[in-house]
Every structure is written in C-alpha cells, then in structure tokens.
C-alpha cells in the first residue's frame, strides 16, 4: 500500500473503530460460538454436545462444549436398534454392578419398567437382589395398555446410558414380576422407557419420571429428539435397523432442511392438532374435528398410523381409488392379508403420497408432513421364494388419531417440552419424506376442506393385481405404548 493510500485510509479506520466500540462492547459475544442447530423461523437453537450455557436475554442457548460435559449428542447417534413392528430400543446399564438391558423407547407412556423375573420371550432381566444400589419403595404399580399389561415392584436404582452420558443417574424403576401380552415373541427388548409427561405416570403423577430425573440431574435442556431409520425396510425381519435418541437436545446431522413446529395442546401425551389429510394432493373433505375429536398424539410405541374409523374409511377409499392397482382384497385394508408381488416388482410407485397438515406455532398457518408409500406400504418377510409381501401400515382406532412409528420413520421428530411443541424435519435416512408448505390462513379459519373434484392427474395404466396371502391382523402388531 502506498504512502498516499495509507494517509487516506488510516484516519477513516480510526473513526470507524471509535463509532463501533460501544456496539462491540454490548454484543453478546465477540468470538464465534457454535450453535448446535439451525431451526426454522425464529425457533430457539438447542445446545450441542456438553452442558448448555445459560440462556441469553435474546433467547439463544449456546453450546460451549467444555471438557467433561454431562452429555455428548454425537455419541447418541445410532444408539437405537429395532423396527416399527417390534419397536426401537436403547441399551442401558442398571444397578451396581451394572446389568445390561435393552429398553423400548415409548413416547406414549410415562413409566420406566424392566423385566424383574425370567420370561420365555426375553433373554435377560434385571435382578434387583444383585444390585447393591437398589432401594425398594414399598409399593406395586400396574400399567395397562391397549393390548397387554404388567405389574411391578417400584424402587430406585442408578442407571447409565453408555452412549452419550459419562455419569450415572438415580431414577425410579419398576421391576416387572407379572405381565400379560406385554413381552411378545420376537421382541429384542426387556424393558420400556416412557417419555411422556408425568400426568400419565402410574400410580400417580407424583412418581418422578425417568426423563424428569435426567433433566434435573444431568442439567440438560427439557427436550429430546428421535430418528428411526426403518423406512422401506422389512418389518419384524431377522435383522434390525438403526436410529437415534438424543436426550437433551437436537443433533444437526440427523435431519435436513428446517424443523417445523406444532404446539403441544396438553401435557400428558404429546397431543397436537391436525387440520387436514390429503391423498395424492387431494383433500379428504372431512371436518378437521374428525381428526381431533378425542385426541391426536405422536407415539413411538404405537406401530402404525391409527385413524378414527370415519377417517380410516375415507383414507382407504381414497388410496384404493387413486392407486394404480385395479382391485384389492378387503383383508389387505383390515390387516388380515398381505399383498405380494414377484421379487422383480416394487409396488411403492403404484400408491399415492399421504400428507398430514399440522397447525403451525403461528395459529393462522399450517405445515404438512408427507408420508411416502414406502412408509405405509411396509415390506414383510416373503410368503414364498418368488414373492415380496407388504402390509398396509394404517389401522382404524376406536377414538384417537395416533402418529406411530410407521410415520415417525420418515422424520426427525423433536419433543421440545421446554417450549411445549413437537417438531418435524426430513430425515436423511427416509429417502424423500418432506416437511413444508403452509395452508393459507383463510383455509385454516374455515376448518372444512375442499372436496374431491377430479381423478388424480398422474393416474397411469393399471398395474397387475397382487396376490394376497394371510397376514397378521392390525390388533396383533401394536406395541405397548398406546393407551386410548
């Protein structure tokens, strides 16, 4: 730089520094700090690995990642195994010395319970007498589900989660000594982790839940998130799929795009509000009260997408009418039959996408989650050497609408208890599921949706009819987590 240029620029630089000094002094920070995730539209970022810094006045929580932090989110990636048919489970170590168990993750109940005695369908159980840190509380608890129930002794013991935490935590735990239709053939877990609110805890909400204990002792934010990577893979096959449960925050590597949030209407289940369902881009023409008359919840412990009977009937009629299959056996819709094609055929292109519209945090807007055919037309183990068989991943409900594992496998789902909202983002392991698009505010206000006016514009020539084989009924493939 020449002498003349320096003479001109240096005074200007000095004036800028003098003017900027007050702003720099009042800035929240002057060195870049990593914020764990970029969420949508004014959403509060969630801390990354390590204990969170105190929230700032502007609402941001920053992750400083000091050495020896209580939680490591990256270590929680791929800490789940399972599938939508048998559930996704997490490894835990309970007691002193530690006893390793596999625990079903269930957002539709609130008790933490493990097998406390041998059972023909499980390979291990927690022996409380072998743990020097186990303390009984002196009472029993019974929990009943849609199908199945268990009774256990209530006590407390230390629990370690090997992937993600470097400490043990003292929690309430029920040791199951009696059960009916709870531990089923083929399951690979021997306990259940209820992650819903304390309102659902048995025998009463005064029994502190596992996650409330973890938040208090590990000093993590009151939030967790799930990714289940089973979309398009066989249900209840010989192998297992991966997944992630991030306790205390959001891991940015587990989703793509924005996270879209819908408010939690009531803190018991994760109850949300559904405004509209579309099949192949066309509305079902149902009043939105049909979707929410009892409740609509997000529940990882329910296998399928469960719909109130009237909604289920409308969905079946629309899927059958807009698919590229000339005719279906009634048993396919009820779950008593599987549809089978030759091994060279993949049927997903024959079926329409399903979209669920949820109310946005701004109550005058909504967003949609799109359910691909590979989520609700689910591959099963083949009925013969030359066939690939599929089940219908939607079932009727006597009351509630339940977004179960079948749908959740398409998304990264955030349970933000601190801000009373559930978030959805596209999951990289789901291959094409999307979360986007708002309804205009005038349609939200109407609460009655446009009728079908035409056939699907993408309708093509009919494809060969599948062969139907006997299959499980819908009632036989629900997990324990849903209580209507």
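Including glycine, each Cβ sits where the backbone N, Cα and C put it.
Look at TrEMBL and you will find 1-25 tagged as signal peptide.
Sequence annotations record features per position, and here TrEMBL assigns domain 'Peptidase A1' to 88-425. Across the domain 'Peptidase A1' (88-425), mean pLDDT in this model comes to 93.
Among the features that TrEMBL reports, active site is placed at 106 (among others). Around the Cβ of residue 106 (active site), 26 further Cβ atoms fall within 10 Å across all displayed protein chains.
Sequence annotations record features per position, and here TrEMBL assigns N-linked glycosylation site to 166 (among others).
Taken from TrEMBL, the feature disulfide bond applies to 229-429 (among others). Every protein chain considered, the tally of other Cβ atoms within 10 Å of the Cβ of residue 229 (disulfide bond) stands at 22.
In this structure, residue 299 (active site) belongs to neither helix nor strand by DSSP; it is coil. Its Cβ taken as reference, residue 299 (active site) is surrounded by 24 other Cβ atoms within 10 Å in the chains shown. Here TrEMBL flags 299 (among others) as active site.
The feature disulfide bond is assigned by TrEMBL to 340-389 (among others). In this structure, residue 340 (disulfide bond) is part of a beta strand by DSSP.
The N-linked glycosylation site annotation in TrEMBL covers 362 (among others). For the recorded site, residue 362 (N-linked glycosylation site), the DSSP three-state label reads coil.
Checking each of the recorded positions (106, 166, 299, 340, 362, 389) against residue 429 (disulfide bond), the C-alpha distance stays within 10 Å for none of them.
Residue 362 (N-linked glycosylation site) counts 14 other C-beta atoms within 10 Å of its own C-beta, drawing on all protein chains shown.
Around residue 340 (disulfide bond), taking its Cβ as the centre, 22 other Cβ atoms fall within 10 Å, counting all chains. Residue 299 (active site) has 106 as its nearest neighbour among the recorded positions 106, 229, 340, 362, going by CA to CA distance.
For residue 166 (N-linked glycosylation site), the nearest neighbour among the recorded positions 106, 229, 340, 362, judged by Cα separation, is 106. The separation of residue 362 (N-linked glycosylation site) from residue 389 (disulfide bond), Cα to Cα, is 42 Å. Taking 106, 340, 362 as the recorded positions under consideration, the smallest Cα distance to residue 229 (disulfide bond) is found for 106. Reduced to three states, the DSSP call for residue 229 (disulfide bond) is coil.
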